[in-house]
């Protein structure tokens, strides 16, 4: 829907509410309607009891209204369409829900034939409700299958089988994997998702796969579907294919021609043809045809490319029960099918849960992470555990990912249960996000529509003025209509939409030269408004490859860490610690190469051990007890370790573990590694070293990545119990072994880029899954936190009952001293200043803030700089929260765990080797963050170009409008050749070359304005147009004052030759050149006009020719342009040149001195007062900056040093302790003195 509908949204929604709820609904409008709409842009709004919804509470929540046909309204509507010559139907094509209102009556959902859906972006969708009986569904299924005919014998055989009559009811999916039998189905489809009427719930519900409310044991109890049951389920789920429709050339052409832009062009061409303005009309036709051909070609190519990228079929072995397998086409799969994962590799065609065997898989298509990962079977856990796609991602095979190898034991096939097919899969969701992108909330686009409406208002004034004026002069009505309508085409230039994209086209080409590839050009302008950039740490700010630094063992006698070991291969004795380093990983051998996580590889390499797998091909079976063996390269007798079971790393669990047994050993052992905090929590407290915190802090503060290592003997468990034991039972009561320390160096470009962004007043935020102290160290090292800045560490902790709201505590730390230890400041009163203070929170605290302190969370979002231990979902939520409070957010990550955040950001940049990634609109082949300032600079140049072109086109149309109105008054007008020279040779040429200015080399502290409806652009246009009016009126006065002037009064409307015509043309033609120079701005966002050589050359050439045209034109040009130069003196002609020069000087003065310097630079506070829609983060920033107690009094503040507590008490007698009300607030000087004393 158009963004202009936003203002009407509230009233429309109230009209759609069922009448029986009228007494319940409050009559007053929603509080802060603009804020409600603003929050809707990120998260769905709260549901209201008087409205019906689908997907309530989810990201794709939509209001739903039922409608049924109304014969009377339909007849009236179509009669109106006929008498308007189809114009009303064209409007309905642009606004389908309007036609729904005009032809249908609102009713209950049970009786509806059509439904209206309204999402939280205020987009409206009209869908037809389908009523399908069992037989009809069978026919539909056969029809779909016939569309998939192939010469392949296997396909033909299956097709013949499927065309046989199918008995049984329709099976609708329910909870717990059950399917309910029904005889009919009522449904509709929206954005490739099917919604079915649930008679019990009396609402439409989304058809889901086997991924909601399913117990894990369900997957092990399934034996596969028989062909009959599979066919019944296929009636509901459809064929398993992600089908991208490629429209024919004629379909695309028809849809393009019906766009408002081309309709208005057709209208303009008709008017120009009737007015005998053939030359320019012909040029516009040629340009429009070229534009249409290009647009149709690009649209069709994009559709074909997307189809070729996502479409794919294969043959799969599906289990029919009792170990009977049948080979079928992958398009026939349905949720519930048990499939065999082939050992030779394949591309997954569905989402499936792995129930037996291991799978080595490459998920780069989905995540951008090129390192293969190992998928393991879903663990045998308690009956109460519910399957979760995110939690059990390590056991789920996703559609579109590439299976490299499978591993199986004891002749057991590698099997997986299909849980999602088609557009329900992970790949399908990505394709849907490409086909139906989230609307970009960019006020510049909204303001363009409003500005066009304003131009239309001016055109209406000129329209009625022309009618009145020409009627008084008794001009024929045909001439009146044509000339009045011609004014509309002058005020609203048909070429405006095309010229608005020029800056984006040039910016995209320059980004490509910088190895930054864009799949969403509309995001380029928005990237110029970015004022906050979130960075992942590992692989983005720091190097991808970790370097082994040291391992810190424990002296069991004194229970303390001892000196670190830098060479485990030679200095570490054989024992649990060495075994942990050698075995606790997910490495595997593929084609004689060791592959796996880089951290695992570095850790394993440090031991100088080798990993062995049986001397057969990689996909064959393995020994029952020792599928993988690790051992020293030499003297490995009695030191071979067999890895029996593996629990992959989980970001939510923050650890991984393996169960191993020494070849000649008598017991199994479990070894674990993970975040120090998590490993310590799983260990026996007696095994934790007494100096644990100090040593851990020492390494993390220096920026090292630290992992905890632990193990536990399992003397009472045999092999069968090991295989059946849950992860939680094995990973408890561990014995702490030591710390693994890995170096993670900053990339060389990181610090300079961060400093560049900070100098440009662009906020930098780190969002990482790593340890807090490590993240803080990296933030300080890369200058995200300056050495003199202070950091508030906010933490949440549960004190007693789980039902109580967790308490928050904080620790105020200053810069790191020379020994690398924090100097802590503790006070109950402090003034948080953004220039000196940062807030840091971890993922646990972030969740507490999100669930229990939502108001404080927004303040933390404004003040926070480091967010550690953040899950992928939390990263995405933070991005959306920053957007909700008004930031334009950029996100830069490596794509592995950042897909959600990259897609949610206004401008997501994925660091990848590929040229395009479905995870983000931008992909940089430069493996560092140097792409961020480049993108912002190009975005700023693009948006300044868009502003400049818009203002230029607006002033051009208004300048020509003024000229025509004045000449109408004096019985004249511009001739066709004068119009042609202005429209084609000046405006079109300048507009095409306007955006070739490259981006400025440096980032300015002040971003360009993103609002067209603001003091600066409005003042610029108004002052420039006033100057144009003054100059044109003065030229008319000047020519009328000449002794040779001859007044032009004629009844022939085609006789346009006059002194007034020449004076207005000579005056205005230079104004178009001047305005092109004035609005083609350079520094600080674009390079100077002189760098745009083609534009500069065109200015010089056209100015030279125009001077010649005004001063001494040849007889051919005089006749061609229909000038009346009889008796016009050379002195007057020079006066026109002088007038043009004066206009040039005054226009430059207005734009660069009055607008840019005085209004934009010197009066920012005045602009702030005028801006009634100021972003929320700005007033939160002022509130927390000026309010010393923005952290609520209910917080429990940790006081580490009792002496500091005493100092705090004695420094202010009026301070009431124990979290009571403060009677007096200290001054900043008192606060600084107290802190100095505490230090």
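Cβ from N, Cα, C; glycine included.
No curator has checked TrEMBL annotations; they are predicted automatically.
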Annotated stretch (transmembrane segment, per TrEMBL) among the listed ranges 918-942, 943-967, 1168-1192: 943-967
Same-chain residues at least 6 beyond the ends of the transmembrane segment (249-271) whose Cβ lies under 8 Å from its Cβ atoms: 90, 93-94, 281, 284-285, 288, 292, 295-296, 299-300, 482, 485-486, 488-489, 492, 494, 497-498
Beyond the flanks of the transmembrane segment (943-967) by 6 or more, those residues with Cβ under 8 Å of it: 444, 448, 451, 455, 458-459, 462, 465, 487, 490-493, 495-496, 499-500, 502-504, 506-507, 525, 528-529, 973-974, 982, 987, 990-991, 994-995, 997, 1008-1010, 1012, 1017, 1020-1021, 1024-1025, 1028-1029, 1032-1033, 1036, 1056, 1060-1061, 1064-1065, 1068, 1071-1072, 1075-1076, 1079-1081, 1085-1086
Tally of DSSP helical, extended and coil residues in the domain 'Cation-transporting P-type ATPase N-terminal' (222-272): 33 helix, 1 strand, 17 coil
Residue distribution over DSSP helix, strand and coil in the domain 'P-type ATPase A' (314-434): 22 helix, 47 strand, 52 coil
Feature contact check the transmembrane segment (1132-1155) with the transmembrane segment (979-995), CB under 8 Å, 3 or more pairs: no
Residue numbers, six or more beyond the limits of the transmembrane segment (277-297), whose CB comes under 8 Å of its CB atoms: 249, 252-253, 256-257, 262, 265, 268-269, 494-495, 498, 976-977, 979-980, 983-984, 988
